[in-house]
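Visitor: One structure is given below, represented as structure tokens, and several questions about it will come after.
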Amino acid sequence: MGCLLILLLTLICFSLRLCLATDVITFSSEFRDSETVVSNHSTFRFGFFSPVNSTGRYAGIWFNNIPVQTVVWVANSNSPINDSSGMVSISKEGNLVVMDGRGQVHWSTNVLVPVAANTFYARLLNTGNLVLLGTTNTGDEILWESFEHPQNIYLPTMSLATDTKTGRSLKLRSWKSPFDPSPGRYSAGLIPLPFPELVVWKDDLLMWRSGPWNGQYFIGLPNMDYRINLFELTLSSDNRGSVSMSYAGNTLLYHFLLDSEGSVFQRDWNVAIQEWKTWLKVPSTKCDTYATCGQFASCRFNPGSTPPCMCIRGFKPQSYAEWNNGNWTQGCVRKAPLQCESRDNNDGSRKSDGFVRVQKMKVPHNPQRSGANEQDCPESCLKNCSCTAYSFDRGIGCLLWSGNLMDMQEFSGTGVVFYIRLADSEFKKRTNRSIVITVTLLVGAFLFAGTVVLALWKIAKHREKNRNTRLLNERMEALSSNDVGAILVNQYKLKELPLFEFQVLAVATNNFSITNKLGQGGFGAVYKGRLQEGLDIAVKRLSRTSGQGVEEFVNEVVVISKLQHRNLVRLLGFCIEGEERMLVYEFMPENCLDAYLFDPVKQRLLDWKTRFNIIDGICRGLMYLHRDSRLKIIHRDLKASNILLDENLNPKISDFGLARIFQGNEDEVSTVRVVGTYGYMAPEYAMGGLFSEKSDVFSLGVILLEIVSGRRNSSFYNDGQNPNLSAYAWKLWNTGEDIALVDPVIFEECFENEIRRCVHVGLLCVQDHANDRPSVATVIWMLSSENSNLPEPKQPAFIPRRGTSEVESSGQSDPRASINNVSLTKITGR
């Protein structure tokens, strides 16, 4: 009798615990159409809904706190309920079911279970995963989960997977239309062999492919390393037919969406403008569609230019008539057969085939793996008569292609270097033409004796160029001798970035015309340019008298080349020619933040929502540098003039010449010479040369106060009572007049609490002691958590003014407080 009583009490307590939980469905606690279940952290909600322009009722999961209803999973997608009589419950067999008022089952988890039905319950997890659990003697066991049945949205911690041995396949499936969640014609998933690759199908027809996975990103999509890094994507493969992929976003709102038209979107929620923001869309152009140009042809998308398809060198259209009519699907054929295929070359005297090099490519479909190293990769292709091309990727190794080359695309930005096999005769034609040109030039040279003097002068310049190149190599070797420098040189090779010729950049910038000049910094001028293919660029031309040496130049190149994030400016390449040193960036059409923020006219274009979005973007870019990138980066020169704005006024952190990389066991670095900009430097850095993550947080706090107030920090230079903006904000805070700090342009009562919170967080960031300042991750949480209680700020650091010989900088936002120089650093352990 006692044992029976204990068992009864146990069941009562278990049932009571589940009934009190709002994220649980039990055998006795079903919910009806008007009711919902909410996950523990209120991120997701499970209930009934009707799509736009539809009267059918579906049981589904959606984001809970997003005003735009965004459904991530639907139970009865194939069988809507025609009225509001629906209910979700645990059946007597132990399955989670969706039924209508007549008891007809419209959907079921449909699992076979060996235990009693009253020990089953369903729970909506904080990840958006709906799970069916059974309680046994050993604890709760997951019997079914919605993440194992993905639909059109791919959430953090979900997996896409394919196993050819077991037949298991987890892939996205589009809705039939935006108003009909039943399965559509498009799906997206992974193919495991010969290399893991992300693909989109229309029915069974391949529509788009990402290119092979190289261990860090998919190499067939421009900027995929930048996009995917936002999500900490991981992919595992056994190279025998099994592959799986998952990712982790900064928040659970990040996701991928496969829409009913077959496009994959990467989205996250923009709090400032209250809408979904799209960061990536594939396919996005006609060239992205699989095999648009057919075999042996490359597609290059340029708005307004036709045709997008071009036969690669050594090939011609298979049908000129079809090609000229815009039908490129037949592709191209060789002009001359390969030597190993020629029937006229069996005497052993034939010349070997060669390779033509093409850059910035999406590699063709269906590569094969070779065990050859980088030096032997070309020979391994030449030894195989069926091999038509090769490429080498450091993450994959040697890649070989046989037969027709399909789905090639030329990018304007990043891409793979690719080598296509051609007959020796194709190179002879070029050689003959070169001989004619050379003879003509020599004859002309004899007619102009004065060119001898010019040639001698060029020889002298060439020696000077060699000296500078040798100096660069010596600096690279010196950089490698440092532990941190070795990481830079080994992991981020300069040769992996495009090397621009000086003449190309001179033409692009109209010979560095004053009309193309965007601005002037301490290290040189920045010019707008346009490359021949139509891509707008920004060229930072370092002054010959600049304080930025080779080490800083190399530092900026190697640091920013692989640190790619939507809130960091992207480096496209560089130029080293003679004494010229230039950096080529993506062009930011709206210039820098201070050009808007401190201009009486332009600042009116920055309303509060826009300014908050800028604050959020700066924080997320800094979060990536400090925590989410493969190496911890301290910027050291964060200021409004180093925040660039794109066409939508989204911020991008720039100018990494003074940035420093921390290894895994360091959290603080000591320097013998302080570099940066007065007013943005933390006190421990300005006074003692110590810098860390919290030094950047201090700079972030100053920028935050500048954005809220619309006033430059240095505008208090002649103010005897307030040495800087932080001191002024602190005085207003203590007197309860902090709202007086706010720029009148942005103040509206509906935003007052949010603006006050930003002032509060800004003061927390500029506190005197580094340990008192929050991390960037905490700053992001503080800014987005409306109901959280923030700690009271302590007095900011009021740094005494110093002369320019003591405080040095990479820019010239205030000529009284910044000049340029080189920083020597030493590492300090924890």
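Backbone N, Cα and C define each Cβ position, glycine as well.
Residues or ranges marked as compositional bias 'Polar residues' by Swiss-Prot: 806-830. The domain 'EGF-like' annotation in Swiss-Prot covers 283-321. Marked as domain 'PAN' by Swiss-Prot on the basis of sequence analysis: 340-423. Residues or ranges marked as domain 'Protein kinase' in Swiss-Prot (evidence: sequence analysis): 512-798. What Swiss-Prot lists as N-linked glycosylation site is Asn40, Asn53, Asn82, Asn327, Asn384, Asn432, and the listing cites sequence analysis. Swiss-Prot lists 601-618 with the feature region 'CaM-binding'. Annotated region 'Disordered' per Swiss-Prot: 789-830, in sequence order. Among the features that Swiss-Prot reports, topological domain 'Extracellular' is placed at 22-434, with the record citing sequence analysis. For 456-830, the entry in Swiss-Prot reads topological domain 'Cytoplasmic', with the evidence type sequence analysis.
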Visitor: Out of Asn327, Asn384, which of the glycosylation sites is least crowded by other Cβ atoms within 10 Å?
Guide: Asn327
Visitor: Does anything in the same chain, at least 6 positions from Asn53 (N-linked glycosylation site), have a Cβ under 8 Å from its Cβ, and if so what?
Guide: Phe179
Visitor: Just jot down the residues in the same chain as Asn82 (N-linked glycosylation site), at least 6 apart in sequence, with C-beta under 8 A of its C-beta; none if empty.
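Guide: Expected: Thr55, Gly56, Arg57, Asp100.
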Visitor: Quick check on the region 'CaM-binding' (601-618): DSSP residue counts for helix, strand, coil, in that order please.
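Guide: Its residues fall into 15 helix, 0 strand, 3 coil.
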Visitor: Using Cβ-Cβ distances, find the residues under 8 Å from Asn40 (N-linked glycosylation site) that belong to the same chain and are at least 6 apart in sequence, listing them in sequence order.
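Guide: Same-chain residues close to Asn40 (N-linked glycosylation site) (Cβ under 8 Å, separated by 6 or more) are Thr22, Asp23, Leu125, Asn126.
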Visitor: Provide, as an integer number of angstrom, the distance between the C-alpha atoms of Asn384 (N-linked glycosylation site) and Asn327 (N-linked glycosylation site).
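Guide: That comes out at 32 Å between the alpha carbons.
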Visitor: Please list, for the domain 'PAN' (340-423), how many residues fall into helix, strand and coil according to DSSP.
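Guide: Counting residues by DSSP class gives 8 helix, 35 strand, 41 coil.
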Visitor: Tell me, roughly as an integer, the mean pLDDT over the topological domain 'Extracellular' (22-434).
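Guide: Here the predicted model's pLDDT, averaged over the topological domain 'Extracellular' (22-434), is 86.
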